[in-house]
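Undergrad: Pasting the feature list from Swiss-Prot:
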| type | residues | note |
| --- | --- | --- |
| BINDING | Asn6, Arg17, Gly191, Gly212, His213 | 3-amino-2-oxopropyl phosphate binding site |
| BINDING | Asp8, His9, Arg44, His49, Thr99 | 1-deoxy-D-xylulose 5-phosphate binding site |
| ACT_SITE | His42 | active site, proton acceptor |
| ACT_SITE | Glu69 | active site, proton acceptor |
| SITE | Glu150 | site 'Transition state stabilizer' |
| ACT_SITE | His190 | active site, proton donor |
Amino acid sequence: MLLGVNIDHIATVRNARGTTYPSPVEAALVAETHGADLITMHLREDRRHIKDADVFAVKNAIRTRLNLEMALTEEMLENALKVMPEDVCIVPEKRQEITTEGGLDVLAQQDKIAEFTKILTDAGIRVSLFIDADDRQIQAARDVGAPVVELHTGAYADARSHAEQIRQFERIQNGAHFASDLGLVVNAGHGLTIHNVTPIAQILAIRELNIGHSLISQALFLGLPEAVRQMKEAMFRARLLP
């Protein structure tokens, strides 16, 4: 199982004081050195954390893959074609939200998503769609030509009871198997922590987890190398469980 380290909140800390540090590039390189299989960055329309220059700098510096999260807009499409990341994950975006609140509604935007997917694919960029674990959305993702889906784990991570968490886990598990049976590559992410990652990492249909906020939070106390190492170890151990 692969670990994508999202470094958005390195930029959040930097931007809080308008300094040049901490450096997203340095964070990306440290994460790579200590177990990250790819680096994820979300270039939001309001540039609240990652800036355009960060994306170019990280793409030029890293040795693994860059997974660029972006909204379904012409501006972001143009940026992606300039940066040429290995992967683009199309996500829903609202300016007033604190973080991404739900999955992309592929059914409601099939034509536009299909158009963006073809343009990016023709440029050699692999496209992923960040969606809820809903069979209709998963089928729509396949129909528009996306080879990858990233299942939104936020409802699982934020569940307020054990029963609700189990319900959300089963939804993700079923969605992952459905997507895999359709021939899609399945990733997952959002709200995952060292404390809740194990059940998700046990789902063999899921190939990659993208984790950011909790990793950066842990890094405040452990250091980024140890935070990445512990997460990767937790994922590895989960795969060994019966």
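Every residue, even glycine, has its Cβ placed from backbone N, Cα and C.
Since we're looking at a predicted model, the values are computed, not measured.
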Undergrad: Given the recorded positions Arg17, Glu150, Gly191, which lie close to His42 (active site, proton acceptor), meaning Cα to Cα within 10 A?
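TA: Correct set: empty; none qualify.
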Undergrad: Mind checking which of Gly191, Gly212 has the fewest other CB atoms within 10 A of its CB? They're the binding-site residues.
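TA: Counting other Cβ atoms within 10 Å of each of the binding-site residues Gly191, Gly212, the minimum falls on Gly191.
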Undergrad: Can you tell me which of the binding-site residues Asp8, Arg17, Gly191, His213 is spatially closest to Glu150 (site 'Transition state stabilizer')? Compare CA atoms only.
TA: Gly191
Undergrad: Measure from the CA atom of His9 (1-deoxy-D-xylulose 5-phosphate binding site) to the CA atom of His213 (3-amino-2-oxopropyl phosphate binding site) and give the result in Å, rounded to a whole number.
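TA: Counting only the Cα atoms, the answer is 7 Å.
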Undergrad: Express in Å, rounded to the nearest integer, the largest CA to CA distance found among the 3-amino-2-oxopropyl phosphate-binding residues Asn6, Arg17, Gly191, Gly212, His213 named in the record.
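TA: If we measure all Cα pairs in Asn6, Arg17, Gly191, Gly212, His213, the largest is 26 Å.
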Undergrad: Return the single residue from the recorded positions list (His9, Arg17, His190, His213) that has the minimum number of other CB atoms within 10 Å.
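TA: So among His9, Arg17, His190, His213, the recorded positions given, the one with the fewest Cβ atoms within 10 Å is Arg17.
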Undergrad: In Å, rounded, how far does the Cα of His190 (active site, proton donor) sit from the Cα of Gly212 (3-amino-2-oxopropyl phosphate binding site)?
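TA: Each residue's Cα considered, His190 (active site, proton donor) and Gly212 (3-amino-2-oxopropyl phosphate binding site) end up 8 Å apart.
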Undergrad: Restricting the comparison to the recorded positions His9, Arg44, His49, Glu69, which residue's C-alpha is spatially nearest the C-alpha of Gly191 (3-amino-2-oxopropyl phosphate binding site)?
TA: His9
Undergrad: Could you state the whole-number distance in Å separating the C-alpha atoms of Glu69 (active site, proton acceptor) and Asp8 (1-deoxy-D-xylulose 5-phosphate binding site)?
TA: 10
